[in-house]
Amino acid sequence: MYRVRSMESTATSSPSSSLMVHPTNFRVIIVGGSIAGLTLAHCLSKIGVDYVILEKRQQIAPQEGASIGILPHGGRILDQLGLFNAIQRNVEPLTTAHISYPNGFTHTNQSPTLIHERFGLPLAFLERRKLLQILYWSLPDTSRVQVGKTVVSVDHIWGDSGMAVRTRDGSTFYGDIVVGADGVHSRVRHEMWRLAEIDLPGSITEREKDGMTVDYICVFGISASVPDLRPGEQVASLHDGRSFLVFPGKDGRVFWFLLKKLDRRYTYTSAPRLTPLDIDTIAGSFISDHIWNGVSFGSLWERREVTGVTNLEENVFSTWHSGRIVCIGDSMHKMAPNTGQGANCAIEDAAALANAIHGAIEHVDRPSMAEVQSFLRSFNESRLPRVREIYKSASVVVRLHARENLALRLVGRYYLPYSGDVPANTASKLIADGVQLSFLAPSLHSGPGWEKYSMKNGVAKSTVVWTSLGILGLVVFLFLLFRVRARFSSF
C-alpha cells in the first residue's frame with residue numbers, strides 16, 4: 001500500500017528570506033547526491049517538501065581530482081539558499097584571463113573582473129569535492145541522504161498514484177516523483193526511457209537515445225602551487241588538437257584540464273573505455289607543451305596531487321520527463337568544461353524544478369498525475385532553449401581552444417586577442433537570464449548586468465547578431481588572404 005511519510009518539521013528559511021513553509025504530503029525521491037541533487041534538496045527544504053536522496057557511492061564527496069566553476073547565475077541561486085558565503089571562503093575569485101598560442105603569442109583580458117562588476121558575484125573555482133561537502137553538511141537533515149543505495153529499477157505504483165524505486169540492497173522507496181540527478185551514466189534516464197516505451201511506444205526515439213557523442217577526452221587534476229601561476233589568473237593554452245585550462249586557486253593550489261581531440265567522433269556506447277592507467281600515457285605525450293609565462297604542462301604534472309581522466313560526452317536531450325520521472329543536470333545535458341557552465345546549469349535545473357514544484361503544491365497538497373505531468377512538461381519546455389544555447393557556446397569554445405580547423409585557428413589567433421570586451425559580453429549574455437528561486441528573496445549581490453545583458457531585450461539579441469556577422473566577415477577575409485599564400489606559416 002502506498003503511503004507518504006510527512007516531513008519532520010517546518011524547514012528553516014534562508015537567511016535572506018522570510019518565507020513561511022508548511023510541510024506537504026508530496027514526496028520527492030532524488031537519485032544522485034550530485035550538485036544538482038543536493039541543490040534540489042536545499043530548495044525542497046525551503047518549501048517544506050519531503051524528500052530522500054539515494055546515492056550509490058559510499059560517501060557523498062570522494063576525492064576524484066575534479067574542480068568546479070561557479071558563475072554568477074549559479075552563485076546567485078546558492079546565495080538565495082544561504083550557501084554562497086561558505087563557498088566564498090574556499091575560493092580565490094578570478095580577475096584575469098590569459099590566452100597563449102603555440103607560436104608563443106599571448107593575450108590578456110579582464111573578462112572575469114568585468115563579469116564580477118556587472119553581476120555582483122565573482123567567477124569562483126573550487127574543488128568539486130569541497131562544493132559537495134558544503135551542500136551536504138549545510139542540509140537541515142543529512143539523514144535524508146542515504147549512501148550505498150544503487151538504484152536497479154523505477155516503477156509506477158498501481159493506479160499511477162506514485163513511484164517505487166528499488167535499490168540493489170533490497171530497499172524500496174516510495175514517492176510522488178523521481179528525479180534523476182545521477183549524472184551522465186544515469187540509471188534513472190534509462191528507466192524513464194523503459195517506462196516511456198511501455199506507456200507510449202516510440203515517444204522517445206532511438207535517435208534521441210543515441211544522441212550523445214564523444215569527440216574529446218579530458219585528463220584533469222589538482223597540483224600544488226606552481227611559481228609564475230598567480231591565484232585569480234586563469235590561463236587557456238591553445239594547441240593544435242588539444243588545449244589546457246588552468247585555474248590557480250585558494251592557497252596556490254592549481255586546478256587544470258588537458259582536453260584532447262580524439263581520432264574521430266564516437267557514440268556514447270562506442271567511446272573509449274578509459275582507466276587510471278591511461279592518465280600517464282595521455283599526459284606524458286604533452287609534458288613539454290607551453291602553458292604560460294615559462295610554465296610548461298610538465299611543471300603542473302610534476303606537482304600533481306590527484307588526477308583523473310574521462311570522456312567528454314556532449315549532448316542535450318530533448319525529453320527530460322515522462323510520467324512521474326524527471327531528469328536534471330548531467331543526465332540531460334553534458335557539455336565541455338571550457339565555459340564553466342556544467343555545474344551552473346545543474347544548479348539552475350534544480351532551482352527551476354523547485355519553482356515548478358512550489359507552484360504545483362501552493363494550492364494543492366498532492367498534485368494529481370495530470371497535474372504532475374503538466375508542471376514537469378512546463379519545466380522541460382522552459383529549460384530546453386536556454387540549455388541548448390549554453391551547450392552550443394561550450395561546443396564552439398572547446399573546438400576553438402583546440403584549433404580544430406582553419407577557420408577556428410584564424411578566429412582564435414587573429415580575432416579573439418583584438419575583440420575587446422566581446423568575450424565578457426558573450427559570457428554576460430549567457431549569465432543574465434539565469435533562473436532565480438521564485439519563493440525566496442533575491443540575492444543581495446547584484447549589478448546592472450542582469451538587466452543590461454538579458455537576451456529578453458532586443459539590444460542584447462542584436463549585439464549577438466552583429467558580433468556573429470563581424471566574426472564571419474573576419475574569417476572570410478582572413479581565409480581569402482591566406483589562400484594566396486603557397487604555404488601557411490605557423491600561427
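Keep in mind that glycine also has a Cβ here, set from the backbone N, Cα and C atoms.
Marked as FAD binding site by Swiss-Prot on the basis of similarity to another entry: GLU55, GLY69, ARG128, ASP330, ALA343. The Cβ of ALA343 (FAD binding site) has ILE35, ILE68, GLY69, ILE70, GLY74, ARG128, LEU131 as same-chain neighbours under 8 Å, each 6 or more residues away in sequence.
If you look up Swiss-Prot, you'll see ASN380 marked as N-linked glycosylation site, on the strength of sequence analysis. Within 10 Å of the C-beta of ASN380 (N-linked glycosylation site) we count 21 further C-beta atoms, all protein chains included.
Annotation comment: Swiss-Prot describes 462-482 as transmembrane segment.
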Would you mind listing, in sequence order, the residues at least six apart from ASP330 (FAD binding site) in the same chain with a Cβ closer than 8 Å to its Cβ? SER34, ALA36, GLY183, VAL184, SER186, GLY342, ALA346
Could you tell me which three-state DSSP class GLY69 (FAD binding site) falls into? strand
Please list, in sequence order, the residues in the chain of GLU55 (FAD binding site) that are at least six apart in sequence and whose C-beta is under 8 Å away from its C-beta. GLY32, GLY33, GLY37, VAL145, GLN146, VAL147, GLY148, LYS149
Mind computing the max CA-CA distance among GLU55, GLY69, ARG128, ASP330, ALA343, which the record assigns to FAD binding, rounded to whole Å? 23
For GLU55 (FAD binding site), name the DSSP secondary structure in the helix/strand/coil scheme. strand
